[in-house]
């Protein structure tokens, strides 16, 4: 079913790139507050202490308290509105600020928002804090993805980006966070070389200079072909396809149902009368973590397309199974009247979390960051974050009406919607999403310029080889020595053809 494409040489590259893997691990800790907040707010909605302040007495619920749909949707949706605001700010800032500064701005908003929520115990303070926390996420998430995608080597870019889903804490943003892409684009060659040396631990001076030349020359060609960056550039020529694919991957992350489960899992279990909802959610999170860890090697061994298609079908089966169980058993899912139904509901949700962790969440993030062109990556990822915030807001705003006992009271029957959306994601991926595994960002530029079909990406032979392949091919013959000029020759041969194709 899956075709393995890993080689001993690629395995040795994993150890050779241990430094960038370690640095990326700490950089992707920027995802901590995104995941922590989602889990915490899901639990707060089912905690008596929180509901005594922000909720109301409701004898019909298992804990005697409930939260109004207005408060429920606001505390969830305000964080998405804040992210949406930050996304627009990122678009207008573009490349005028570094990835490092973007991360610092996100941290500043986080400190401010948490201080307000700790110090003020009323709905107004809660709402302001949630809005600012959303603005923090709006800066941390896109700049984290851009930094890692541009710094990681092509063979490890997918797995390293997949670590964003694995992270469970925010910290260690105070290290060596220099953007080698920015330095190379601006002609600061020595700074770029030093940055790559620190990030990846490369000692070969020729390889370092070839890496910088690879980044700089590809960027110069794009600059010559497309002078200036405007909003509509993302929707012209071959960039239109790349923009729509990136946006589709962002929306696909919401379609998996992860956003809903992150914000409402405990409340959903409580409304379904599952015994010990906190206990089971904690178990599901631990199991999902193992799936997240497996996504790292999975993206190195198998293709992105395969993982998304098969895991989306698996997730659809889990969601539909949960909905069918609750439909057949009615409200008798409690441990008193329907132990089998309760176990089935919990078991399927745990399996779903694992499947989504292996082949959906991290893979979609990797694709959304890889696909945009270099000159439009800031704008595409930034506006993509805004789209993600909008769809996240829709989930947060409308879900309470479906699952809250004061409204439609669907409970787990809401799974019919998420099962359908996962099937749509699988079909969309099969038809439109190209395979990017093992391709450099510069090779992806060539493939999109040539308008290669989605199902031909993995087998298409590009004119531009990987830097490592150039070094390997020259090193196998003769004395094994190599100079950056070999790489420049490849670029000079390729540039006229690329320009002619684009015109």
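Just so you know, glycine gets a Cβ as well, placed from its N, Cα and C.
Unlike curated entries, TrEMBL annotations are predicted automatically.
Copied over from TrEMBL, here are the features:
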COMPBIAS  483-495  compositional bias 'Basic and acidic residues'
DOMAIN    23-437  domain 'Major facilitator superfamily (MFS) profile'
REGION    475-503  region 'Disordered'
TRANSMEM  20-36  transmembrane segment
TRANSMEM  74-94  transmembrane segment
TRANSMEM  101-120  transmembrane segment
TRANSMEM  244-272  transmembrane segment
TRANSMEM  278-295  transmembrane segment
TRANSMEM  307-329  transmembrane segment
TRANSMEM  349-369  transmembrane segment
TRANSMEM  381-403  transmembrane segment
TRANSMEM  415-433  transmembrane segment
Between 0 and 100, where does the mean pLDDT of the domain 'Major facilitator superfamily (MFS) profile' (23-437) sit?
78
The answer for the transmembrane segment (101-120), taking Cβ pairs under 8 Å and residues 6+ beyond its ends, is 27, 30, 33, 86, 90, 93, 126, 128-133, 135-140, 142-144, 146-147, 170, 173, 177
Of the listed stretches (20-36, 74-94, 278-295, 349-369, 415-433), which one yields the highest count of Cβ-Cβ distances below 8 Å with the transmembrane segment (244-272)?
349-369
Interface check, the transmembrane segment (381-403) with the transmembrane segment (74-94), three or more C-beta pairs under 8 A
yes
Same chain, outside the transmembrane segment (74-94) by at least 6, Cβ under 8 Å from its Cβ: which residues?
37, 41, 54, 102, 106, 126-127, 130-139, 141-143, 229, 231, 263, 378-379, 381-390, 392-393, 395-397, 399-400
